Amino acid sequence: MRYLSEILDGVAFTELQGSADVEITSVTADSRKVSAGTLFVAVKGTLVDGHDYIEQAVKDGAVVVICEELPGHTVGEVDYLMVANSAAALGKLASNYYDTPSAKLKLVGVTGTNGKTTVATLLYQLFTDLGYKCGLISTVENKIGGKIIPSTHTTPDPVALNSLLNDMVESGCDYAFMEVSSHAVAQHRIEGLQFSGGIFTNLTHDHLDYHKTFDNYLKAKKAFFDALPKNAFALTNIDDRNGNVMLQNTRAHKKSYALKSMADFKVKVLEDQFSGLLLNIDGEEVWFKMVGMFNAYNLLAAYATAMLLDQDKAKTLTSLSKLTGAEGRFDYVISPNKIIGIVDYAHTPDAVQNVLSTIKDIRKGTEKVITIIGCGGDRDKTKRPVMAKVACDWSDKVILTSDNPRSEDPAQIIKDMEAGVDTSNQRKTISIIDRREAIKTAVHLAQPGDIILLAGKGHEKYQDVKGVKTHFDDKEELIKLFKTVS
Ligand SMILES: CC(=O)N[C@H]1[C@@H](OP(=O)(O)OP(=O)(O)OC[C@H]2O[C@@H](n3ccc(=O)[nH]c3=O)[C@H](O)[C@@H]2O)O[C@H](CO)[C@@H](O)[C@@H]1O[C@H](C)C(=O)N[C@@H](C)C(=O)N[C@H](CCC(=O)O)C(=O)O
Ligand SMILES: Nc1ncnc2c1ncn2[C@@H]1O[C@H](COP(=O)(O)OP(=O)(O)OP(=O)(O)O)[C@@H](O)[C@H]1O
Ligand SMILES: N[C@H](CCC[C@H](N)C(=O)O)C(=O)O
Ligand SMILES: [Mg+2]
């Protein structure tokens, strides 16, 4: 329970109709979650306008309404607070309501197209191993200490986010590591959070359905660094062509990491094999369990963060060398007749290319690479033909299939992908809508030693068709089918 006056700090309101001396029992932007004493924030969304639900919210017990425009006729004995941007106000209010939990932890945010979950999870695992109690907010799962809280988004809405951070504080966490998605920045989900540091992984093609242009997408990522405080660190991958741009306007301490360019933290890949990576990291030669050049970047980002947070170098490297990262990322299973199946969350053109080039680099001879790939429905359509092309260019056989068609027709998504398959690649491509059948076909086609890549679903345990999520697990399917081959 809080008074409105206590949670207005930093909320830029232009007008208050009513008194700030009112008790608030909860904060929400969803009229369906309103109960007696709620503060309701009317946010203009992508599907509907929260202002249309003000009347409902008041009927259900809202005592304060935050809005950008006053409704035509105001109902009930409630306070109205006018703001220029409701979504930004919601971020601040949610943080204030929970008494700014982000300031009571060392909170580090990770942004970029690929690698956020991996880096955030590595940091959570590393700092836990170093003896701290930690929190994690990620696409795969949220965690407080060892306790798992299922995740619905990469970055949750401001109320869920601050409530999670508050639970972390209350259970004695020292550190929290979270993914910062571009949607979250654009929708002000992280407004009001006090970060100790920010990490940039890379910027490639994704989410153009939402951001419309690559420049808007870049600006959303950059805004995270622009808002970091002076005492935080801003750690960037300087090998990425936008690595410098990210830190252009930040007030935070600028730090860089790289494989190729001059940087504060450097790594050299000495060996990249199925069994792991041998790296020279900041002058030390260490074996790691993770595979692929892109994981050299992820490991370096985690190492550099630990150094910036004053951790012991030797202990950090020993600990990192044991870690395997997040579930469903380059996760492999070997059949009794030695077919290798790799489950990976590659769902952008760049990630697909990275994972396939890693497979090509580390395979022993001329084993065939069979890729199973789909593209999400209600997501960036422009990446579909590109992902199919990359898959074809880097594989011997490609099976185009479904990956969460959501509200769209799966056959049409596959058609959009087929547009990227040029004549020379058509021979090696087949389309099978049913993902289970697609995996079965790949296993039948594979010879001993061949490598099957199941791209795009990683840790996911469902297939979303027309809004209905049915249990589906790539790794489980693979293990089942591998038992049938010999
Ligand atoms: C496109 C998008 O990002 N949408 C997010 C956005 O919803 P929206 O703008 O569509 O909201 P809306 O449905 O138009 O409603 C507008 C407002 O009216 C309110 N409302 C609506 C209906 C009602 O009856 N009453 C009511 O009050 C809503 O609560 C909302 O405040 O704000 C909601 C609350 O924060 C999010 O749950 C929702 O995520 C949707 C479900 C989603 O699928 N988002 C994905 C694309 C996403 O956010 N992905 C990123 C990155 C993924 C990655 O690369 O890892 C993520 O961080 O997860
Ligand atoms: N540093 C990296 N650079 C390029 N590709 C990467 C990198 N790290 C991971 N990948 C690839 O991207 C996939 C997704 O990785 P991860 O889940 O860590 O990214 P993410 O940024 O959290 O993705 P999302 O936007 O869905 O949350 C991996 O399965 C791998 O194929
Ligand atoms: N978390 C990201 C990636 C999902 C990957 C793929 N499995 C899909 O469903 O598109 C998203 O929601 O865009
Ligand atoms: Mg993620």
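Quick reminder: no glycine exception, Cβ is built from N, Cα and C everywhere.
Among the features that TrEMBL reports, ATP binding site is placed at G112, T113, N114, G115, K116, T117, T118. Its Cβ taken as reference, T118 (ATP binding site) is surrounded by 27 other Cβ atoms within 10 Å in the chains shown.
Annotation comment: TrEMBL describes R379, D403, N404, P405, R406, G456, E460 as meso-2,6-diaminopimelate binding site. The number of other Cβ atoms within 10 Å of the Cβ belonging to E460 (meso-2,6-diaminopimelate binding site), over all protein chains shown, comes to 21.
Residues annotated as domain 'Mur ligase N-terminal catalytic' in TrEMBL: 23-98.
Annotation source TrEMBL lists domain 'Mur ligase central' at 110-306. If you take every residue in the domain 'Mur ligase central' (110-306) and average the pLDDT, you get 97.
Summarising the annotation, TrEMBL assigns domain 'Mur ligase C-terminal' to 328-458.
The Cβ of K221 (N6-carboxylysine) lies under 8 Å from the Cβ of T111, G112, S182, V185, F200, L203, N242, M246, each of these being in the same chain and 6 or more residues away along the sequence. If you look up TrEMBL, you'll see K221 marked as N6-carboxylysine.
Here TrEMBL flags 403-406 as motif 'Meso-diaminopimelate recognition motif'. Long-range Cβ contacts of the motif 'Meso-diaminopimelate recognition motif' (403-406) within its own chain (Cβ-Cβ under 8 Å, at least 6 residues beyond either end) map to 347, 373-379, 413, 435, 456-457, 460, 462-467.
For the motif 'Meso-diaminopimelate recognition motif' (403-406), DSSP puts the residue distribution at 0 helix, 1 strand, 3 coil. Neighbours of R379 (meso-2,6-diaminopimelate binding site) among the binding-site residues T113, N114, G115, K116, T117, T118, defined as a Cα within 10 Å of its Cα, are absent: none qualifies. Under the DSSP three-state reduction, N114 (ATP binding site) is assigned to coil, being neither helix nor strand. Residues V110, V119, E179, T201, N202, N298 surround the recorded ATP site, their Cβ atoms falling within 8 Å of the Cβ centroid of G112, T113, N114, G115, K116, T117, T118, which are themselves excluded. The Cα atom of K116 (ATP binding site) lies nearest to that of E460, taking the binding-site residues D403, N404, P405, E460 as the candidates. Most Cβ neighbours within 10 Å, among the binding-site residues K116, R379, R406: K116 holds that distinction in the structure as shown.
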